[in-house]
Amino acid sequence: MQEHDLTFVRAEMVIAQAPPRGERGLGSWLRRNLFASVGDTVLTIIGLLIVAYLLPPFIEWALVNAQWTGPDRSVCATVAQGGVQPDGWSGACWAFVQAKFGQFMFGRYPIDQRWRPILVAILFVALIVPMAMPRVPRKGLNAILLFLIFPVVAFFLLVGGVFGLPHVETPRWGGLLVTLALSYVGIVVSLPLGIIFALGRRSKMPVIKTACVVFIETVRGVPLVTVLFMASVMLPLFLPEGVTFDKFLRALIGVSLFAAAYMAEVVRGGLQAIPKGQYEGADSLGLGYWQKMILIILPQALKLVIPGIVNTFIGMFKDTSLVYIISMFDLLGVVRQNFSDATWASPQTPISGLVFAALIFWIFCFGMSRYSMFMERRLDTGRR
Amino acid sequence: MASQDILREDNSRSSFINDPKIRGMFFQVLVAVLLIGGIWWIVNNVIDNLHRSHIASGFGFLDSRAGFDISQTPIAYNSDMTYGRALVVGFLNTLIVAATGIVTATVIGFLVGIGRLSRNWLIRKLCTIYIEVFRNIPPLLVIFFWYFGVLSVLPMPRDSIELPFSTYLNNRGFYFPHAIWGEGSWLILVAFVVGVAMAWFVARRARQRQMATGQTFPVFWTSLALIVGLPLLAFAASGFPVSFDLPKKSIFNLSGGLQVKPEFMSLYLALSFYTAAFIAEIIRAGILGVSKGQTEASAALGLRPAQILRLVVVPQAMRIVIPPLTSQYLNLTKNSSLAIAIGYPDLVATGGTVLNQTGQAIEIVVIWMIVYLGISLLTSAFMNWFNAKMALVER
């Protein structure tokens, strides 16, 4: 009896073949991504129309017709408006941005003293870059330098009045300097404060819990503008006669408390997401409340809510622009203030200044959000 | 035995300092004393300061003459009326810009959010660019952009830009025909109310019938016919009682019609565009949050794509979407307080004027806080109710 073994086992791999012609190349990509169906084609055409309507005029305005250098408004105005450009001309007035660049960065900070904010900026970059790169060692030392030593150094450098540095009052500060100073202090203060409020809200002690809930919900329920108004008109009323506060400091307090309330809610989300076993495990090891929180719960909870924390930072960075309303001049405020400068007032000036300010804000916020996405992937908290 | 003794001894030795209960009490009393002491100190200082600067506290100033004009008045107002009235006008203006902004932001947000999930590469990229641009710049900058960058460089009224349907655009705002309702137009309103009531009734009956017999009924088209058709019928029956006051161009100005001021336009456009970027992300997260198995299972049950979307995906996505959407609506309402930067007379702007004239800082800030907190609490209460209604019914 002979066995007919009909099974077949391939001994070697088949050589890989190229995908069919219709499935590769530009044509297939276009068909799949742009013209998959009639509806898709219509959408693509609409999209192309939008691009064609917006992009070429923008490029023409921002690059082709733009005026990059010039002494005053005449380069940015048409003949009818008292300038040198032909009628119907429309282009960005980058000359305005260039002429006012120093103001946009430092406000009315004395020109011969501007090396001080620049030095602070260099120090800040030198500390934040190694802090942000996960591979660089000595994070502890770096953090102490960035969050404890740097603020002191920066304070004395910027305010002056000691070591032979002339004193520069805060009303002379302005531009990006104010934006960054407010955001930095807001971030450094609001995170620990927010953690404390979040812990207080989860506390079992009714008095502490109520106080925290009332604070958080009140601050979150009202607009930042009213908080800033409160800091600028009501705070002086709260203090005894003769005690005055710097306006900058009042804005700082307002912004930090406001951000702390939002931060508290983000951190609370993280605290709630930690399974009960972690709390009980820490208890059974005999850890006290603060040991339990600092060693076990917070490291896990904060890691979970990094995206939320960074979103709050971004929100606060954008919100610093609101100090314009209590007449302080951050980047946006300085740009706005310069619209009325008679040397440069032309129809193109406001929009050029605003586009420039938008670009700076955008770079900072987009950078922060990308960095948070990077950290999220690294710590792998995104998918669980 | 011995160990028990030690434990007992330990217990008696561990003094009350280590008792968590007593410690808790101690800290609470400490916090309470600090808080009350702080508040008492502040109140004392405030009384002192007010006394020194001769400001009478209390809300009596609300009844005195305002003496300033407001550029947009939804209810009758002039400078002879009271501060209280001025604040009410401001509050209504806040509500107007918040309501219109919320509607527009939701529409744009839905379109962009769905567009970001589109199979179409171009649409997807365009929507991503929109979101990334608007999410990362401050709302105040967007407001300035519309106000100083776009609307204030429009031509003067005499060279207004003409748009379809007799509408005009110039640097004083947007002009459109004013519909004047003639006699008998109340019929249309009545027909609308009746239509809505009937549509609700039909929907109820249809659901009952489907539960009982499984037969479906075209509820959507019937409701549409009732809600739109009945008022149209009434409109025809009462003899088209409407005429239009068209804006007319004269040599220097536009006359007639209704005008939307540039302050409102910039605030409305900026809030809508800015918030829409956030809403789009929420919508996207909501739709992505419904697992693919749900879509596939409903397809396996034989539902058509439109039915899958309406009956399976959207109800589940809504559940994810509603809480963050609520907070975006509240954010938009709170951001409307930026109106003060361009002079749109909302609650904060009119309040600021009153504050400058009377010096009643505390009262004005208290009014602001109460109004905004009230709006927040009401909205959250409504949304919590809605959320509970939509929530998954679990065993």
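Any Cβ shown, glycine's included, is placed from N, Cα and C.
Annotations in TrEMBL come from automatic prediction, not curation.
TrEMBL annotations:
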type: TRANSMEM; residues: B:25-43; note: transmembrane segment
type: TRANSMEM; residues: B:87-112; note: transmembrane segment
type: DOMAIN; residues: B:91-379; note: domain 'ABC transmembrane type-1'
type: TRANSMEM; residues: B:133-154; note: transmembrane segment
type: TRANSMEM; residues: B:184-203; note: transmembrane segment
type: TRANSMEM; residues: B:224-244; note: transmembrane segment
type: TRANSMEM; residues: B:264-283; note: transmembrane segment
type: TRANSMEM; residues: B:365-386; note: transmembrane segment
So if I exclude everything within five residues of the ends of the transmembrane segment (B:87-112), which remaining residues of that chain have a CB under 8 angstroms from its CBs? That is, six or more out.
62, 70, 72-75, 77, 127, 130-131, 264, 267-268, 271-280, 282-283, 328-329, 332-333, 336-337, 339, 344-351, 354, 367, 371
Selected stretch (most C-beta pairs under 8 A with the transmembrane segment (B:264-283)) from B:133-154, B:184-203, B:224-244, B:365-386
B:133-154
Other than its close neighbours in sequence, what residues sit by the transmembrane segment (B:365-386), given a CB gap under 8 Å and a spacing of at least six beyond its ends?
87, 91, 94, 322-323, 326, 329-330, 333-334, 337, 347-348, 351
